[in-house]
């Protein structure tokens with residue numbers, strides 16, 4: 001599990017020669033007349049270097065992304081200094097590609113939006129330092145972006161979704177349920193008490209040595225689990241969902257990881273193989289842990305919907321559940337959430353898979369949303385700092401727990 005600093009960070013000094021070269025290349029007069037507001041979004045919160053230009057109507061004019069997945073697969077996880085160096089090596093190129101694809105010069109931009117919280121400190125610093133130099137050079141407003149708010153609002157780029165709506169954000173670094181009441185108003189109903197589901201699935205995949213599996217060698221851990229689980233029998237092993245007696249909307253995945261690890265150790269002894277070799281029962285284990293994860297996410301989400309309905313926080317006639325984040329691309333988990341949505345008369349919406357994972361489009365779009373609402377637009381960036389740890393919205397999880405809502409049993413026929 002990656003440990004993040006709890007304090008806001010000063011901006012590291014970037015390689016100025018590269019930025020100057022970038023500025024010289026784009027320090028030209030606007031090449032076209034744009035009638036809409038334009039925002040450049042920059043994302044470096046973890047291990048993806050991404051940028052995009054989006055206009056106020058939601059058109060994506062240009063985008064670019066550099067993924068570090070293959071590098072970190074070899075090390076068994078994200079190494080922050082390595083991620084930082086790769087961001088430094090690629091950020092100029094990625095921003096240039098996004099601008100070039102869009103036909104937009106920095107002079108055409110209405111603002112520059114960049115993720116400054118939460119995330120890996122070393123990674124956040126790279127994006128922020130590069131952005132600050134662009135802001136200062138081209139005299140553009142700066143819009144600091146909360147990474148999880150951007151994930152939550154991405155759905156409004158692809159669908160006509162009004163406020164309020166419920167969002168489940170599930171990824172390798174986050175797991176939370178929140179009610180989105182406006183562009184900047186969030187009520188946190190529950191969150192992971194330990195690790196995120198994507199992190200847990202990655203750890204299980206590493207413990208199963210799926211990188212050595214011929215079908216999974218280039219996949220992330222979560223993708224490998226989903227792929228292998230299709231060949232497995234989830235009934236072969238009993239892995240129970242966590243926190244079944246806790247009547248809140250919080251999550252926990254550490255216990256699920258430990259139970260699975262013990263099961264793998266037991267099967268290794270039973271099959272007479274050493275740690276690091278692939279079990280004959282790997283697919284069955286993958287199927288069982290995926291099912292337990294899906295059931296855990298579904299039950300907490302079910303309770304969140306019931307709470308919002310009881311408190312009249314969601315419109316009964318037009319209730320929407322949005323699921324986003326990297327784990328939202330897991331179709332098995334999505335089917336479990338569809339069962340919950342159908343049982344509660346909610347509409348389940350998910351952004352396209354490429355917008356569920358980290359990307360520059362969601363950052364630019366969040367910038368557009370804030371620009372239109374006149375929220376968080378800075379003209380002085382001298383004191384701006386990144387924040388590796390930053391909660392989402394107002395935490396009302398205690399109120400949810402005190403309601404002690406009993407969730408009716410649903411048949412998870414997946």
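Here the Cβ of each residue, glycine as well, is placed from N, Cα and C on the backbone.
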From candidates 261, 284, 358, Swiss-Prot puts in the same divalent metal cation site as 147, 151 the residue 358
From candidates 185, 202, Swiss-Prot puts in the same substrate site as 169, 170, 171, 172, 173, 222, 226, 329, 330, 357 the residue 202
Lowest 10 Å Cβ neighbour count of the recorded positions 147, 230, 299 is held by 230
Taking the centre of the Cβ atoms of 147, 151, 358 as the divalent metal cation site, the remaining residues of that chain with Cβ inside 8 Å are 43, 45, 115, 148, 150, 171, 174, 325, 359, 362, 363
Rounded Cα distance, in Å, between residue 74 (N6-acetyllysine) and residue 203 (N6-acetyllysine) is 14
Nearest by Cα to residue 222 (substrate binding site), of the recorded positions 140, 151, 203, 230, 358, is 203
Least surrounded, by Cβ count within 10 Å, of the recorded positions 74, 140, 151, 203 is 74
Neighbouring CB atoms within 10 angstroms of the CB of residue 169 (substrate binding site), all protein chains considered, total 26
